[in-house]
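**Q** So TrEMBL says this about it:
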DOMAIN    311-383  domain 'DUF1736'
REPEAT    499-532  repeat 'TPR'
REPEAT    533-566  repeat 'TPR'
REPEAT    601-634  repeat 'TPR'
REPEAT    703-736  repeat 'TPR'
TRANSMEM  31-53  transmembrane segment
TRANSMEM  131-151  transmembrane segment
TRANSMEM  188-208  transmembrane segment
TRANSMEM  220-237  transmembrane segment
TRANSMEM  243-266  transmembrane segment
TRANSMEM  286-305  transmembrane segment
TRANSMEM  372-391  transmembrane segment
TRANSMEM  403-424  transmembrane segment
TRANSMEM  430-449  transmembrane segment
TRANSMEM  458-476  transmembrane segment
Amino acid sequence: QIFNQHNAEAPNLEQAFHRMAQMEPNLDHDISWFLLPSYWAKMVVALISFLCFANSYDGDFVFDDSEAIINNKDLRAETPLGDLWYHDFWGSKLSSNTSHKSYRPLTVLTFRINYLFAGGFYPVGFHVINIILHCTISVLMVDVFSILLGGLQFSNKGRRLNLAPKSSLLAALLFAVHPVHTECVAGIVGRADLLCALFFLLSFLGYCKAFRENKEGHTFSVFWVLVSVILGAIAMLCKEQGITILGLNAVFDALVINKINLLELIRKLLCKDKSLENAGLLRKGLLFRITLLMCGGAGILYIRWRIMGTGPPAFTEVDNPASFADSLFVRAINYNYYYSLNAWLLLCPWWLCFDWSMGCIPLIKSVSDWRIIALAALWFCLIGLICQALCSEDSHKRRILTLGLGFLIIPFLPASNLFFRVGFVIAERVIYLPSIGYCILFTYGFSLLSKQAKKKKILAVAVLGILLINVMRCALRSSQWRSEEQLFRSALSVCPLNAKVHYNVGKNLADKGNQSAAIKYYREAVRLNPKYVHAMNNLGNILKERNELHEAEELLSLAVQIQPDFAAAWMNLGIVQNSLRRFEEAEQSYWTAIKHRKKYPDCYYNLGRLYADLNRHIDALNAWRNATVLKPEHSLAWNNMIILLDNTGNLAQAEAVGREALELIPNDHSLMFSLANVLGKSQKYKESEALFLKAIKANPNAASYHGNLAVLYHRWGNLDLAKKHYEVSLKLDPMAPGTKENYNLLRRKLEQLQKKGG
């Protein structure tokens with residue numbers, strides 16, 4: 001009976017505790033919104049976040065995905081796993097001066113696992129993981145917002161109570177459907193931000209788990225504090241922003257656990273009040289926990305610094321022009337303008353762009369620039385919020401506003417240019433975590449409006465409308481991220497002054513073979529940024545292929561003049577000079593390219609072609625050999641070696657090189673064809689025939705393959721087969737050089753044989 005009575009009373013005790021907790025001010029009292037059980041709230045958030053970005057699941061690899069995934073050797077099985085810990089996000093050694101210094105080994109590890117399970121570079125698996133991660137994060141946000149908006153309270157059984165179910169659901173939905181998150185979800189490289197956010201939230205929830213209420217009073221678990229520090233370290237190994245969770249945990253501890261009044265604390269510090277312990281500094285182990293967080297953070301940063309090896313990365317002026325301004329005033333004004341634009345993207349995420357650099361946002365150089373208004377508006381709002389967060393007599397209001405500002409500002413600090421120069425002007429992906437603070441402030445603002453409004457349902461409908469518009473905007477933006485063409489073209493209307501946007505549109509068109517349209521965009525990129533060497537190089541390449549050699553030479557010469565260590569431009573300049581028959585200048589350009597890029601197989605290949613044109617056969621062979629040493633699968637270099645040795649009568653050496661090449665690239669039909677020619681001349685007809693047939697099977701529409709096989713049969717005496725392949729060759733290419741003459745010779749010979757037989 002006692003046992004049954006105890007079980008019956010337990011729910012009543014829990015309900016009483018819940019009622020006591022709800023006696024404090026609560027946002028849910030004023031909000032006209034849906035009240036759902038926790039499980040259903042999380043299901044709704046997961047479903048809606050999935051619907052927002054579901055259409056990105058079968059998108060391509062776009063923009064930075066090429067460098068971070070396709071061209072990243074760290075994803076391949078032959079790269080030792082240990083190398084991930086010494087390489088940056090893009091696969092370069094951290095110790096290199098050219099490294100980006102973005103250290104995200106756990107993110108790269110997930111890419112590698114994706115690659116392994118997919119059996120190659122198939123984007124669907126990569127996209128699906130990103131969508132799942134965002135859905136998971138959005139679901140976790142329900143719990144996070146319930147703590148941030150409703151406070152941290154536990155039942156007598158130690159179960160955490162959700163004291164703000166309506167407002168936490170609203171805030172989680174705002175987060176889940178925010179269009180500014182599209183870059184992180186639909187762009188595969190955004191996984192760094194998603195993984196960072198996941199462990200960031202787990203660290204926060206772990207820190208909250210450190211506190212339990214029992215009969216003896218408020219206690220905490222050192223174990224869970226340490227777990228929180230470890231999860232913060234894992235977040236930083238996914239992306240650098242993750243370290244900021246340790247600071248936010250400290251802020252949360254001071255405001256929510258210890259209920260410190262910051263203004264009162266500052267006043268006591270200034271007055272050197274001896275009763276600081278009464279302000280909460282030493283209560284409930286706060287000082288000890290903050291010491292743990294600080295020591296953990298310092299240790300993580302020290303290890304990160306040691307691994308990085310050298311100083312910060314070297315960015316260029318086009319990446320972040322404000323940071324290169326000579327005037328401190330100009331730098332400060334423009335940094336603050338960038339902050340206001342980030343704030344605007346949170347408030348009105350309609351104009352979104354994959355890249356905001358290269359003239360997209362012109363520098364503010366004087367106070368007469370009308371854009372100064374944006375700075376004034378930003379600081380007016382921030383100062384107003386800070387004053388309310390510090391000075392309000394309502395402790396509930398102080399807590400929510402301070403937490404909202406903390407989650408808005410602290411995760412953004414690594415991207416603020418305050419501590420070090422960053423490599424971008426604005427990046428939508430870095431707002432993923434700060435948007436948590438925005439959602440807190442929005443929800444609190446909605447509760448204040450609801451409190452004053454007479455028709456609360458109209459206000460609720462307006463918020464539902466905002467959510468619906470955001471869902472539609474997410475779906476539209478996700479579809480734009482499905483392919484590079486859509487992504488790049490979508491940026492033309494947002495950032496028409498961005499040279500990189502025009503460059504990327506041009507490059508995409510050039511890759512599809514539309515050179516005329518590509519030239520137009522490359523020219524516009526160079527017009528917008530006269531020092532854009534990559535646009536000059538690509539435009540010079542197209543003009544070279546169109547035989548507009550003099551303009552190509554001018555562009556490439558200007559590119560290497562602007563950037564003397566631009567190896568690709570030096571090589572392309574050499575190709576143009578070679579075409580203009582200025583061989584000495586071409587040779588010098590090639591060697592300059594190799595000087596700036598020691599391992600440059602394509603340049604050695606082109607240098608070999610130059611030497612072959614000059615009949616410097618030994619030098620040509622050495623250059624091509626260097627190309628194949630640096631890049632064993634360099635088919636063109638192998639082919640040229642075989643052909644040159646064949647043409648100079650070195651059949652035995654040509655055969656040896658051909659066999660070596662086919663061992664390395666066994667399925668290359670052009671190598672089969674070249675070696676078959678050599679074997680035919682060496683009267684190794686059977687082996688030559690086998691290689692010709694294998695090459696034809698791989699590429700049945702090559703007229704020269706059929707024509708040379710016909711010559712082999714002609715020599716071998718298999719005249720019927722020779723006739724058959726001559727006819728196939730002429731059908732594929734009626735103008736094939738020499739084939740018609742050989743075919744006519746064969747016909748005459750067959751006619752003579754028929755006459756003799758008759």
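Here the Cβ of each residue, glycine as well, is placed from N, Cα and C on the backbone.
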**Q** Are there at least 3 C-beta pairs under 8 angstroms linking the transmembrane segment (458-476) and the transmembrane segment (243-266), leaving out pairs fewer than 6 apart in sequence?
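**A** In this chain the transmembrane segment (243-266) does not contact the transmembrane segment (458-476) - fewer than 3 Cβ pairs sit under 8 Å.
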**Q** Is it true that the transmembrane segment (458-476) and the transmembrane segment (31-53) have 3 or more CB pairs under 8 Å, sequence gap of 6 or more?
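**A** These two segments touch.
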**Q** Kindly report the helix/strand/coil residue split of the repeat 'TPR' (601-634) according to DSSP, in that order.
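**A** Final tally across the stretch: 27 helix, 0 strand, 7 coil.
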**Q** Looking at the repeat 'TPR' (601-634) alone, can you tell me the average pLDDT?
**A** 95
**Q** Go through the chain and flag residues at least 6 beyond the ends of the transmembrane segment (430-449) whose CB is under 8 A from any CB in it; none is fine as an answer.
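**A** Sequence-distant neighbours of the transmembrane segment (430-449): 27, 30-31, 141, 144-145, 148-149, 167, 170-172, 174-175, 178, 180-181, 184, 190, 193-194, 196-197, 200, 241, 244, 342, 345-347, 385, 400-401, 403-409, 411-412, 414-415, 459, 463.
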**Q** Which sequence positions outside the transmembrane segment (372-391), separated from its termini by at least 6 residues, show Cβ-Cβ distances below 8 Å to it?
**A** 262-263, 333, 336-337, 339-341, 343-344, 364, 397-398, 401-402, 404-405, 441
**Q** Which residues, given as numbers and ranges, are at least 6 beyond the ends of the transmembrane segment (220-237) yet have a Cβ under 8 Å from it?
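**A** Sequence-remote neighbours of the transmembrane segment (220-237) are 103-106, 195-200, 202-204, 206-207, 209-212, 243, 245-246, 249, 284-285, 289, 292-293, 296-297, 300, 304.
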**Q** So, taking each listed stretch (131-151, 188-208, 403-424) in turn and counting its Cβ pairs to the transmembrane segment (31-53) that are under 8 angstroms, which one gives the highest count?
**A** 131-151
**Q** Tally the residues of the domain 'DUF1736' (311-383) by DSSP class, grouping H, G and I as helix, E and B as strand, and everything else as coil.
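**A** Across the domain 'DUF1736' (311-383), the residues distribute as 36 helix, 0 strand, 37 coil.
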**Q** For the repeat 'TPR' (499-532), how many residues does DSSP put in helix, in strand and in coil?
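**A** Secondary-structure breakdown of the repeat 'TPR' (499-532): 27 helix, 0 strand, 7 coil.
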**Q** So which residues does the repeat 'TPR' (533-566) touch in its own chain, when a touch means Cβ under 8 Å and the partner is 6 or more beyond its ends?
**A** 499, 502-503, 506-507, 510, 515, 518-519, 522-523, 525-526, 572-573, 575-577, 579-580, 592, 596
